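Positions annotated as active site, proton donor by TrEMBL: Glu192. Taken from TrEMBL, the feature Zn(2+) binding site covers His11, His13, His189, Asp270. The feature substrate binding site is assigned by TrEMBL to Asp271. Annotation source TrEMBL lists domain 'Adenosine deaminase' at 6-325. According to TrEMBL, the feature site 'Important for catalytic activity' maps to His213.
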Amino acid sequence: MTDTPPAVELHVHVEGTLEPELIMELAQRNRVALPYADLDDLRARYAFTDLSHFLDLYYANMAVLRHAEDFAAMTAAYLERAARAGVRHVELFVDPQAHLARGVGVEVVLEGVSGALAAAPAGMTTGLIPCFLRDRPAEEASEVLDALLASGTPLLGIGLDSAEAGNPPSRFADVYARARAEGLRLVAHAGEEGPADYVREALDVLGVERVDHGIRSLEDPALVARLAQEAVPLTVCPLSNVRLRAVRTLAAHPLPLMLGAGLAVSVHSDDPAYFGGYVDDNHRAVVEALHLSDEQVRTLALNAVEAAFVDDARRAELRGEVTAWAAAQA
Ligand SMILES: Nc1ncnc2[nH]cnc12
Ligand SMILES: [Zn+2]
């Protein structure tokens, strides 16, 4: 029995799982010149001042991803680590536009990532959620949606990520309406560095079913009341929030406040290779820093199960695994 609950990982960017060692290996294999002397030099750059500072390195490191096999290797390495973290179901984000901008087509990205997902460890269920980059034009997102749909790759839904401040969700209303008509599930990053109003827009204009981060919702009591009332899932990433300085320290993280307000929060990893930990590390870190009770840990794990885009049978299985784990802890 592990010390962290069976996990449903709903907020992890596959490119954010690219570990420094694999960056160096792929750079060598693909003859990509990186501006780092060695691993230590690369690692020394992982001290971020804010979201944009992180995104600069995150996008720059993607230069080593050239072929479908590179995407497959990155995804397979993640799945192996996720299995050790106790992940039972993962809904994986991918950023197709970040690769398209480098001349790597949507089909190459999807072939590599979805190929590796198809070979996920036994018992782990998976889904893929491509995200649109909110700091690029909505027309480009619309073209990428066309390419995603044309690929024939099974997709769970769509998301919205990248630099949030000044890039409101409403710009993507048309793309989200089209995705919804195609039967895709809808999520978006909102209220990470952007204001509470962006969370409201994501719900009202995009019609999202889940909000990624959403921590700045706390600045707006009326919004908090609504999120609680409607049980809107919020996928919170504590180590990310500290490393991107959205929150001063882990001990000052608003997770207990969010739980106390009755919000449907769960804990996830965001970009684990960059922020110091996978979903199990995030769970361990918040339990220790915030002195969470067994009951709070169980609630977080069950909230993730309820927020997953799975069918009733799979949800019942996942619920059962969490409750069995909790019972064994008692
Ligand atoms: N934390 C984050 N916020 C916005 N976009 C991202 N892309 C990868 N990680 C992200
Ligand atoms: Zn994220």
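Quick reminder: no glycine exception, Cβ is built from N, Cα and C everywhere.
Per-residue confidence over the domain 'Adenosine deaminase' (6-325) averages 98 (mean pLDDT, predicted model). For ligand 2, the recorded positions lying close by, meaning a CB under 6 A from one of its atoms, are Asp270; the full candidate list was Glu192, His213, Asp270, Asp271. Put simply, His213 (site 'Important for catalytic activity') is 9 Å from Asp270 (Zn(2+) binding site) when counted between their Cα atoms. Among the recorded positions His11, His13, His213, Asp270, the ones whose Cβ sits under 6 Å from an atom of ligand 1 are, in sequence order, His13, Asp270. Using a 10 Å Cα-Cα cut-off from the residue listed as 'active site, proton donor', the recorded positions that qualify among His11, His13, His213, Asp271 are His213.
Between the CA atoms of His11 (Zn(2+) binding site) and Asp271 (substrate binding site) there is a gap of 9 Å, rounded to the nearest whole number. Around the residue listed as 'substrate binding site', a 10 Å sphere centred on its CB holds 24 further CB atoms from the protein chains shown. Local packing around the recorded positions His11, His213 was summarised as the count of other Cβ atoms within 10 Å of each Cβ; on this measure the leading residue is His11.
Each of Val12, Gly16, Phe93, Asp161, Asp212, His213, Thr235, Cys237, Ser240, His268, Asp271 belongs to the same chain as His11, His13, His189, Asp270, is absent from that list, and has a C-beta within 8 angstroms of the C-beta centroid marking the Zn(2+) site. Following the DSSP three-state reduction, the secondary structure of the residue listed as 'substrate binding site' is coil. Between the CA atoms of His189 (Zn(2+) binding site) and His213 (site 'Important for catalytic activity') there is a gap of 6 Å. Other Cβ atoms within 10 Å of the Cβ of Glu192 (active site, proton donor), summed over all protein chains shown, number 24. Summary: among the binding-site residues (His13, His189), the fewest other C-beta atoms within 10 A of the C-beta are counted at His13.
His13 (Zn(2+) binding site) falls within a strand when secondary structure is assigned with DSSP. The local packing around Asp270 (Zn(2+) binding site), expressed as other Cβ atoms within 10 Å of its Cβ over all shown chains, amounts to 29.
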